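A.B. asks: Pasting in a structure now, in structure tokens, and then I'll have a few things to ask.
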Amino acid sequence: MDSLLGCGVSAAAREPVPRYLTSQPRVSEVAMQSAPLEQPAKRPRCDGSPRTPPSTPPATANLSADDDFQNTDLRTWEPEDVCSFLENRGFREKKVLDIFRDNKIAGSFLPFLDEDRLEDLGVSSLEERKKMIECIQQLSQSRIDLMKVFNDPIHGHIEFHPLLIRIIDTPQFQRLRYIKQLGGGYYVFPGASHNRFEHSLGVGYLAGCLVRALAEKQPELQISERDILCVQIAGLCHDLGHGPFSHMFDGRFIPRARPEKKWKHEQGSIEMFEHLVNSNELKLVMKNYGLVPEEDITFIKEQIMGPPITPVKDSLWPYKGRPATKSFLYEIVSNKRNGIDVDKWDYFARDCHHLGIQNNFDYKRFIKFARICEVEYKVKEDKTYIRKVKHICSREKEVGNLYDMFHTRNCLHRRAYQHKISNLIDIMITDAFLKADPYVEITGTAGKKFRISTAIDDMEAFTKLTDNIFLEVLHSTDPQLSEAQSILRNIECRNLYKYLGETQPKREKIRKEEYERLPQEVAKAKPEKAPDVELKAEDFIVDVINVDYGMEDKNPIDRVHFYCKSNSKQAVRINKEQVSQLLPEKFAEQLIRVYCKKKDGKSLDAAGKHFVQWCALRDFTKPQDGDIIAPLITPLKWNNKTSSCLQEVSKVKTCLKF
């Protein structure tokens, strides 16, 4: 049976099927859609009110009117709700109703029933079976009308539950249409025009694909429709907190504008999600679709951000939204354990598509072989106590493909995400925003004014902050913004800071606390025969980039568990040596790129020599790339340093301390 349900078939056919229903073919989509379809009205945007009003709570036992049954989401129906529906349609014979009760046929299984299956279950009357199938088909058709379809260039036609549509049709979510996925990368890769909006749709969809496949393969996990909805919502909303130009905002701008603020976009995402729910009054809508807001909002936020700082009292399980028996649900959207999650799957496929780069990872194959296994851990405080945790595992033969996945991630970082000019443009936009920050006003809650850097403190203000701020500053008539405008005009005219070259530390990596003083080091590393040009620290930009497999210097596969065909319940680990001798020895490295803000030939010649001298003093690798310094590399002897050179390093570091 195909385990990739939800990745190309109708939403009604994505539900787990009981064993007694798997021997016969499913009802075709054609049969399910045989009833005449009315042309649906256009879905409204941003007003928070979809065409179909939210249903009453999924417990339908108290419902009697036809319209009430038509408008409820049958995926939330329990067996008793199915019996209530059948009674309402005239099937009042206890024997027939008991068939549905005894076999625990929930609403999600109704689309898979046909005459043969009903006969196998014990519905003997042909007339009764035909009448029952007709009722179920009408019900299935109404459910299809509730779902909305998006034509996505990556995943094809993807369907979303009405609750997800309510979330999508809010100003807070629509804001993602105006935030570039790759920030300044669009100025280097002309195809990289995609935004956080479509990526978020893709992650929400893939989250549903994976969790439904697990629910079908392993019904004993008791994954409910409520769980599935929450996982999809987390996927949909995981990037709500991104600022202008995506990672540029929380990775470069905020650390420089507010160095005391340890803020990341994940924090912004959970705050924006709360604002989205409250300002659009979605808690009642969530209840109407079977969610429990008090628990499920916490669960959704935990999937995005990770466990709370303060764990649950007297418990080894750090989460509050779901118990430890459903620990695997936290590994779908943002996998803190090993980094294998649907967020990566979508941006691999989507970014490669728009960048014109080949994507070699097939997420559908991973879903095909994914299953949940229980892993035992010994608790450090008490070696005798063993904690059992359920993890998403893959077949042992897939280990090579997972190494390829992380290699793909590394390649994307090298070729696109950390492209030397993409990063440079992000740096220049950051410089412009820092110049503009004191003079830009954004109206927030109760009319309070915020700056670009303080909008993260108020979600109403942050909702208004998108990539559009670039054009607002560029075209402003405020003379106070002239410096910022000059930088932005230089970006548009391709008059960029000059790239000098790239190097790497041979031994210890540069620590974060050292980053700020690196330009001073370069400025002070003046060679003996340097041109008579004075260069200051502010003339240099030193960009330190850490490239890894997603877990700093650790091998992420060491934290992945596998199962074998002979025993699908036992989780095992696979060492790197068991896979291949050609796999990397190190899983992280540091790149150091240096740029110069001055652009005249004399200054650039001097800056190049400063950079080469600095690399020699710090015992970094010979600089590569930068045309300006290429002729200067050969004469220097990196491996035979004199004591005076080492003394110079000490002098430079000593000066910088004061």
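Quick reminder: no glycine exception, Cβ is built from N, Cα and C everywhere.
Here's the feature list from Swiss-Prot:
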type     : residues                                                       : note
BINDING  : LEU182, ASP239, HIS247, HIS265, GLU266, TYR347, ASP351, TYR417 : dGTP 1 binding site
BINDING  : HIS199, HIS238, ASP239, ASP343                                 : Mn(2+) binding site
CROSSLNK : LYS509                                                         : SUMO2 cross-link
DOMAIN   : 77-142                                                         : domain 'SAM'
MOD_RES  : SER49                                                          : phosphoserine
MOD_RES  : THR52                                                          : phosphothreonine
MOD_RES  : SER55                                                          : phosphoserine
MOD_RES  : THR56                                                          : phosphothreonine
MOD_RES  : SER64                                                          : phosphoserine
MOD_RES  : SER125                                                         : phosphoserine
MOD_RES  : THR634                                                         : phosphothreonine
MOD_RES  : THR634                                                         : (Microbial infection) Phosphothreonine
A.B. asks: Test of understanding: give the count of other CB atoms lying within 10 angstroms of the CB of ASP351 (dGTP 1 binding site).
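C.D. replies: Summing over all protein chains shown, ASP351 (dGTP 1 binding site) has 23 other Cβ atoms within 10 Å.
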A.B. asks: Using an 8 Å cut-off from the Cβ centroid of HIS199, HIS238, ASP239, ASP343, can you name the remaining same-chain residues around the Mn(2+) site, in sequence order?
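C.D. replies: Other same-chain residues near the Mn(2+) site: ARG196, SER200, VAL203, GLY235, ASP346, TYR347.
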A.B. asks: With dGTP 1 as the bound species and LEU182, ASP239, HIS247, HIS265, GLU266, TYR347, ASP351, TYR417 as its recorded binding residues, calculate the greatest Cα-Cα distance and give it in Å as a whole number.
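C.D. replies: Pairwise Cα check on LEU182, ASP239, HIS247, HIS265, GLU266, TYR347, ASP351, TYR417 gives a maximum of 20 Å.
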A.B. asks: Cα distance, LEU182 (dGTP 1 binding site) to ASP343 (Mn(2+) binding site), nearest Å?
C.D. replies: 14
A.B. asks: Starting from each candidate's C-beta and looking 10 angstroms out, tell me which of the binding-site residues ASP239, GLU266, ASP343 has the most other C-beta atoms.
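C.D. replies: The residue with the most neighbouring Cβ atoms within 10 Å is ASP239.
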A.B. asks: Spatially, which candidate from the recorded positions SER125, HIS199, HIS238 is nearest to TYR347 (dGTP 1 binding site), comparing Cα atoms?
C.D. replies: HIS199
A.B. asks: If you count CB neighbours within 10 Å, which one among the recorded positions HIS238, HIS265, LYS509 has the smallest count?
C.D. replies: LYS509
A.B. asks: Report the nearest neighbour of HIS265 (dGTP 1 binding site) in space among the recorded positions SER125, HIS199, HIS238, LYS509, comparing Cα positions.
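C.D. replies: Comparing Cα positions, the candidate nearest HIS265 (dGTP 1 binding site) turns out to be HIS238.
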A.B. asks: Name the residue among the binding-site residues HIS199, HIS247 whose Cβ has the smallest number of other Cβ atoms within 10 Å.
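C.D. replies: Output over binding-site residues HIS199, HIS247: least Cβ neighbours within 10 Å is HIS247.
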A.B. asks: Of all the binding-site residues given, namely HIS238, ASP239, HIS247, ASP351, which is spatially nearest to LYS509 (SUMO2 cross-link) at the Cα level?
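C.D. replies: Going through HIS238, ASP239, HIS247, ASP351 one by one, the closest to LYS509 (SUMO2 cross-link) is HIS247.
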A.B. asks: Run through the Cβ atoms and count how many others sit within 10 Å of the one on SER125 (phosphoserine).
C.D. replies: 13
A.B. asks: What is the separation, in Å, between the Cα atoms of TYR417 (dGTP 1 binding site) and SER125 (phosphoserine)?
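C.D. replies: Cα-Cα, rounded: 64 Å.
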A.B. asks: At the Cα level, what's the spacing in Å between ASP239 (dGTP 1 binding site) and HIS199 (Mn(2+) binding site), rounded?
C.D. replies: 9
A.B. asks: Roughly how many angstrom lie between the C-alpha atoms of ASP351 (dGTP 1 binding site) and HIS199 (Mn(2+) binding site)?
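C.D. replies: The Cα atom of ASP351 (dGTP 1 binding site) is 9 Å away from the Cα atom of HIS199 (Mn(2+) binding site).
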A.B. asks: If you measure HIS199 (Mn(2+) binding site) to LEU182 (dGTP 1 binding site) at Cα, how many Å is it?
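C.D. replies: On Cα coordinates alone, these residues lie 11 Å apart.
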A.B. asks: 10 Å Cβ neighbour count around TYR417 (dGTP 1 binding site)?
C.D. replies: 20
